[in-house]
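J.: This is the structure I have questions about; it appears just below.
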Amino acid sequence: MKADIHPVYEAITATCSCGNVIETRSTLAKPLSLDVCNECHPFYTGKQKTLDVGGRVDKFKSRFGAFGATKKA
């Protein structure tokens, strides 16, 4: 391998928009700003909203279910 071709892997601080500061290591070599982190992301805070409006199969059956029905004489 060639010597001195790899970037320096240094400790940096990543600051979230909520104010949380995370110490990590990177080759970026400058402070990093984040939009979300584990302290403010809705999935990790329990404030996630789930939208259950019916699946694709239910929608398909409601639109095309009558086409496969047999007719009574």
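Note: Cβ is positioned from N, Cα and C throughout, glycine not excepted.
When I checked Swiss-Prot for this same protein, it listed these features:
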type    : residues                   : note
BINDING : CYS16, CYS18, CYS37, CYS40 : Zn(2+) binding site
J.: In the structure shown, which of the binding-site residues CYS16, CYS18, CYS40 has the fewest other Cβ atoms within 10 Å?
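T.: The binding-site residues CYS16, CYS18, CYS40 were compared, and CYS18 has the fewest Cβ atoms within 10 Å.
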J.: Neighbour count, 10 Å Cβ-Cβ cut-off, for CYS37 (Zn(2+) binding site): what number do you get?
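T.: So the Cβ neighbour count for CYS37 (Zn(2+) binding site) comes to 17.
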J.: May I ask you to report the DSSP-based helix, strand or coil state of CYS16 (Zn(2+) binding site)?
T.: strand
